[in-house]
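So that you can see what the record holds, here are the features copied from Swiss-Prot:
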- 146-158: compositional bias 'Acidic residues' (COMPBIAS)
- 176-199: compositional bias 'Gly residues' (COMPBIAS)
- 206-215: compositional bias 'Gly residues' (COMPBIAS)
- 217-229: compositional bias 'Pro residues' (COMPBIAS)
- 286-314: compositional bias 'Gly residues' (COMPBIAS)
- Ser9: phosphoserine (MOD_RES)
- Ser111: phosphoserine (MOD_RES)
- Ser158: phosphoserine (MOD_RES)
- Ser161: phosphoserine (MOD_RES)
- Thr186: phosphothreonine (MOD_RES)
- Thr191: phosphothreonine (MOD_RES)
- Ser200: phosphoserine (MOD_RES)
- Ser203: phosphoserine (MOD_RES)
- Ser219: phosphoserine (MOD_RES)
- Ser225: phosphoserine (MOD_RES)
- 1-205: region 'Necessary for transcriptional repression' (REGION)
- 119-234: region 'Disordered' (REGION)
- 201-377: region 'Necessary for interaction with CBX2' (REGION)
- 280-325: region 'Disordered' (REGION)
Amino acid sequence: MDGTEIAVSPRSLHSELMCPICLDMLKNTMTTKECLHRFCSDCIVTALRSGNKECPTCRKKLVSKRSLRPDPNFDALISKIYPSREEYEAHQDRVLIRLSRLHNQQALSSSIEEGLRMQAMHRAQRVRRPIPGSDQTTTMSGGEGEPGEGEGDGEDVSSDSAPDSAPGPAPKRPRGGGAGGSSVGTGGGGTGGVGGGAGSEDSGDRGGTLGGGTLGPPSPPGAPSPPEPGGEIELVFRPHPLLVEKGEYCQTRYVKTTGNATVDHLSKYLALRIALERRQQQEAGEPGGPGGGASDTGGPDGGGGEGGGAGGGDGPEEPALPSLEGVSEKQYTIYIAPGGGAFTTLNGSLTLELVNEKFWKVSRPLELCYAPTKDPK
């Protein structure tokens with residue numbers, strides 16, 4: 001020994017003193033007799049007992065423990081390099097704990113950031129969703145089986161005094177040549193001046209007052225749309241084929257509303273619409289009423305209708321306009337025919353979404369029938 005010192009890097013030193021099985025510093029070193037690979041005593045004995053009768057490093061055959069021998073010289077070398085084995089192991093445990101804690105904190109922070117990012121993305125998608133003019137709007141057009149040609153289908157029954165509150169243009173709907181128009185005699189009397197028959201609708205001259213309606217108040221312009229718990233329901237509203245006579249006021253209506261609207265809402269809406277349309281029909285016949293003169297397009301006596309006359313004082317008295325205050329959802333009953341031609345009366349508290357799921361169950365607009373209630377209470 002001449003006292004020569006050789007510098008060895010900690011990395012290479014650690015690889016020489018490490019057990020290939022537990023990847024820790026060798027303890028009670030055992031060396032194979034044939035290939036001279038070193039392992040911890042407990043590690044190699046456990047490997048042999050598990051049935052793996054070969055060297056874990058080079059796969060050379062190891063019959064039993066007799067193929068191993070202890071290596072006290074290597075243990076002495078390790079004790080020279082690391083005099084305090086317990087201190088080294090304690091330091092190693094502290095490093096592992098610190099690394100584990102740091103890794104857990106990083107994983108937690110990354111998880112929180114990912115959650116915040118996903119929430120922000122979903123929130124932005126909800127904000128960017130297109131806002132219609134009013135989510136509670138019911139789109140309706142008149143006709144005897146086809147949508148009528150109403151030029152302004154967006155009247156709000158519940159707020160007639162604020163027509164400017166409806167924002168934006170209405171969505172386009174299919175137009176058909178149904179019997180939705182009405183002809184008004186310009187020189188007619190009180191009853192003979194209206195020539196549209198049952199189901200007529202003066203939607204063009206009234207600017208959309210008969211074309212549509214809502215089941216609730218409209219949303220102001222720019223306001224966020226209210227939540228839609230039940231989505232939207234499209235339905236076809238027809239008169240009852242057995243309970244509604246042809247001479248009565250009846251027409252097919254096409255309605256689009258929210259799924260949380262009830263059958264009572266539809267009944268009240270229908271009563272309001274029919275009362276309003278009858279009132280406007282009577283208003284359209286006022287030019288030929290009492291006191292009205294002859295017209296070029298009227299009858300030979302200038303009356304233009306059954307109740308009109310050349311002199312205003314001799315004609316029948318003008319009937320009073322129907323009031324909208326007494327309108328009730330009890331005036332009309334709603335029916336549904338799930339199949340087989342049998343009509344079922346719907347309870348007023350049922351929502352349209354529940355009716356669609358319980359009675360309809362087909363992929364086309366919900367079809368309902370209406371008829372005047374015989375004994376409204």
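The chain as shown is numbered from 1 upward.
Quick reminder: no glycine exception, Cβ is built from N, Cα and C everywhere.
Summarising the environment of Ser111 (phosphoserine), the number of other Cβ atoms within 10 Å of its Cβ, over all protein chains shown, is 10. Here Ser9 (phosphoserine) comes close to no residue that lies at least six apart in sequence on the same chain with a C-beta under 8 angstroms from its C-beta.
DSSP assigns Ser9 (phosphoserine) to coil in the three-state reduction, outside any helix or strand.
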